Every structure is written in C-alpha cells, then in structure tokens.
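Features as listed in Swiss-Prot:
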- S468: active site, proton acceptor (ACT_SITE)
- C46, C119, C191: [2Fe-2S] cluster binding site (BINDING)
- D78, D120, K121, E442: Mg(2+) binding site (BINDING)
- K121: N6-carboxylysine (MOD_RES)
Amino acid sequence: MRSDQIKKGLKQAPARAMLRAVGVGDEDFGRPFVGVVNTFTDGMPCNFHLRELAQHLKAGLKEAGLFPFEFGAPAISDGISMGTPGMRASLVSREVIADSVELIAQGYLYDGMVGLSACDKTIPGTAMGVIRSGVPGMILYGGTIAPGEWQGRKLTIVEVFEAVGQRAAGKISEEELLEIERRAIPGPGACGGQYTANTMAMALEALGLSPVGYNAIPAVHPEKERATKEAGKILAWAIAHDWKPKDFLTRKSFLNAIAAVAATGGSTNAVLHLLALAKEAGVELSLDDFDQISRKTPVIADLRPWGTYTAWELYEAGGTALVFKRLLEAGLLFGEEKTLTGRTLAEEVERAYREQEGQKVVFPVEKALKPHGGLVVLKGNLAPKGAVLKLAGTERTYFEGPARVFDSEEAAMEKVLKGEIRPGDVVVIRYVGPKGAPGMPEMLSVTSAIVGEGLGPEVALLTDGRFSGGTRGLMIGHIAPEAFVGGPIALLEEGDRIRIDVEGRRLEVLLPEEELERRRARWRPRPPAFTHGLFARYAALVRQADEGAVLEDPL
C-alpha cells in the first residue's frame, strides 16, 4: 500500500505515535488509509449538512475495511457572493480546492481519496484534485435542496433573484419580495434546479466518477444516509483493484457527460468544468465537442431554470438513472464505458433504474421537449475562440440590436434597475473574464433582473464572464479571448450593431475589419485588479474560457 511509506517500518515509529493520538489502533495500520475532503461550511446551505454526512461516509469506509481521515477545503457560495466583489473568489476556489486535495493526498500518501462536495465549485474542484492525486477515488455530492413554496408554487433561489427585478419594476411589493426571500430556501442542500451544482453532479455520474443514482438523492432525503455508507464498499473495491479515475475516464466518458448536460438543459458552467476535468485526466476535449453533442442530443427533462420541475422532483421521478436509461435506449450514450465500480455505465444504469408511475419530468427521446440540446457554441469576429449560450433557456435564434457597453456588472445592474435598458438592446459586460475580474464572475444578478423586469425575450446579454446555472434568456458568456487580453469585445463602443445568429453559430459586430483594426491600434491594456496575493497569481496563470479557465502548467 502507498500509505505503508508513512505507517510501516522501524523509522516510522514517530509517525505511528502521532497517528495513534488521532485514533489509529494496532489493527488499523494494516488498513488502506483514505483521505476524505469535506467541503463543509456553516456559511451557506449547500454544504451546511456535510459535517453530518461525513460521519456516515466515514462509518461506511470503516465498515468496508478502510481507515478514513477527514480534512477541509474552502467553499464559496455563488448565491451569497453574486453581484458583489466576493464573486471573484468563486472560480478561483475551484483551483484552490483541487490543489488542496492534491496537497493532502501527496503529503499523507493516502491509498484512496473521496471528495464530499455540494456547491458549484466544490464539485469540479474536488474531482480535479482526486483525478490529479493518482489514487483510487470518487466524488459524492451532498444533494439538492428541497424546494420552497409560496402561493402554491415551488421556489428556488432563482425566483428570489428574479423577484429583485420584479420589485424594481413595481410588479411585486416589498412585502411579497420579503416573503419570497423567507420561503425560498427551507434547509440544507444545493440550489434546486438543473443549475450548476446539480448539472455537475449528474455529469460526474455519467463520467463514472460518482455512483450512478447517488448524486440525485436530495440532501435531506432519508435514503442519503444509507447510500453514503454503502459508498464505502465501492472505494474499498477500487483500492483493492488499484482502479484509478485515469483508468476509466476516456474521451467517450466525457462525451457521455456532455450528452447528459445537453439532455437536461444544464448549466453552461459544465463547459468550463468538463474541459478542466478532461485536462486532469489527459483526455482531449474542445468547445466543438459540446456543440456537436448538443446538436444531436434532444432535451428530454423538463427542469428549471427553463422548465417546470426541480431537482427534488427529478429524483422522485427516477433520478439520473432514468435520464441515462432514456439516452441509452436512443443510442446517445456510450454504455460500454467503465465506471468507478468496474462495471459499465449501462450496467450501473440497469442496477439503479426506477421510474415513478405517471411521472412528467423525463420523456422518451421520441417525445423530446426540444429537438436539440441546450449548449450552443458561437464564433465570429466578437468571439474568435468561441462563446457559449444555453439555448434551452430561450426560443429566440436570431437577434440584432445596438450594444449597451459596460465595463462592470455593477454599472450594468444600475442601468437595468433604473429601467434604462430597452427592448432590442444588447447588453455587453466586459473586463470580467478569467484574467480581467479576475475569476470570471457569474452575472446572475443582472440577468435575473432583466428577466424579472419582463425584458428576458427582448434583450440579449454578452459577457466574457460566466452565467449561473439558473440563468435563462438570450445570454451569451465565456467570450474568448476576453477584453483584458485585447479580445474583440474590448473594441466595442456604445451603439455598435451586434448580430447573434444561433442557427449559423455566429456572434458578430457589424463593422468592417478596417474599423476594428483602427480601434485595436488605439486600445491599451488595463492594469491588473490585484498586484499581489492569490488573485494576482491566479490572474497571471489562468488560461482563457475556451480552455476551461485552468491554470498554466510550468512545462
């Protein structure tokens, strides 16, 4: 065992003495040692319950003959930091989490790793770290929150964001906004639609890095405790057979994950995160793969933010296994791909498959809700390296209008709340990319305000930043190259005519190349937002969105 380097032999007596102090007994030195990264925090609901869940996980690992050691990693709430300078920390935390997992795995020479995650960046962050650690491992998702309720309709956090715009437009009262705020989040768990956390949780099941069916179990559902304990047996098998993530994560595994995201109208953040995970696994993946898979994968799940149902209701209907079953039946998944259990994806789906009688959440492919998946990649003179749109949130496929240019989200939000954005406008928010912000913050506050004011179908938004999984409307993000490095979005001026052609996959400013060249000659780079510390280092090393906003390796 790898951990024998720490716990066996004459010279390791001091190490054993220290391990005995934390509960390791004589018989435990013969067990595989496992690191459990727990992204618990009592600062947000997504990860609030992970302290208790970790106890069930560790009990299951011990029952399976392993010895677990728990450690922490940071967790940033997008819902709390949204629309504030704190949002810069969100994507940065993904890299910090991955580095933390790698650091502990290497420092303690553990034989296996488990990531216990819940909110948006803790899922890809722990997954990146577990893959990078080079030992058997898996990711367990804390689960979705239960929906809130107000006036007979189910609520998620997105309804609160949109209520801000409704209040600004005078469509609801201050008292109604307060009631929505009070009722939307009834307890622990991640945001309750097919937003980023639930999207990535499903994607990891399709990849084979999480047990099929586990991640769909809601945070406070009674089944979560039993399933968490059972997961220990899976890791014990993987360690016994030296079955590591890089042994089963293939290009086809990643195409399976993309298909799952496309079929459920999932978050555009999955593009960034799957690109980053593929890099860790040594798998070739590009933006074009997302577009190609999405073109042939219909939307078969009626899920929020664009649809009707919450993630809790998806679990009741049959969960991720039901989605995968439908896709396998249509030949849209590579069922022969192996998973962390050693069995194929198709075998795992058969073991986990169930369907609630009369459910209306997941449809057969022949009765799909939309003929094509939710992810669209646009290119053109505004996005030479690509931009990403979630089509499942809008029915418009062509838009042309004048640019309303803002160099920060705050400036755009001010105009939206004052009612100064008009139907037909194309709102441009730039200098908020991976290097420029830095950290590529999400724009949910401003997009939700636009939707809340009733402008969703009539206004488009472009940004070199990101969007929350809860975003809906004609919102195009991940524009690369970003403004900070001189990408064409930096050359836009107020009133420039923008054309968005979804069917043609084009994003363009209607200006002659000569004019763009004149503007490029006048353009000057901006000073960095940070000159020392973590954010300065991140900005110096981070790559563009089309490469997953991963950090540069030195070699």
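A Cβ is built for glycine as well, from the same backbone N, Cα and C atoms used for every other residue.
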Assigned element (helix, strand, coil) containing D78 (Mg(2+) binding site), judged by DSSP: helix
S468 (active site, proton acceptor) versus K121 (Mg(2+) binding site) - Cα distance in angstrom: 12
Remaining residues near the recorded [2Fe-2S] cluster site, that is with C-beta within 8 Å of the centroid of the site residues C46, C119, C191: M44, P45, N47, S77, D78, G79, A118, D120, I145, G189, A190, A197
Cα-to-Cα gap, D120 (Mg(2+) binding site) vs C191 ([2Fe-2S] cluster binding site), nearest whole Å: 9
Cα-proximity to C119 ([2Fe-2S] cluster binding site), 10 Å cut-off, over recorded positions D78, E442, S468: D78
Protein Cβ atoms within 10 Å of S468 (active site, proton acceptor), excluding its own: 30
S468 (active site, proton acceptor) in three-state DSSP notation: coil
Three-state secondary structure, D120 (Mg(2+) binding site) (per DSSP): coil
Chain-internal residues near C191 ([2Fe-2S] cluster binding site), provided their CB is under 8 angstroms and they sit 6+ positions away: C46, G79, T144, I145, T156, I157, V158, A197, N198, G469, G470
Pairwise CA distance, E442 (Mg(2+) binding site) versus the residue listed as 'active site, proton acceptor', rounded so that it is a whole Å: 6
CB-centroid shell, 8 A cutoff, Mg(2+) site D78, D120, K121, E442, site residues removed: I76, S77, S90, L91, C119, T196, N269, R466, S468
Distance [Cα-Cα, Å, rounded] between D78 (Mg(2+) binding site) and S468 (active site, proton acceptor): 8
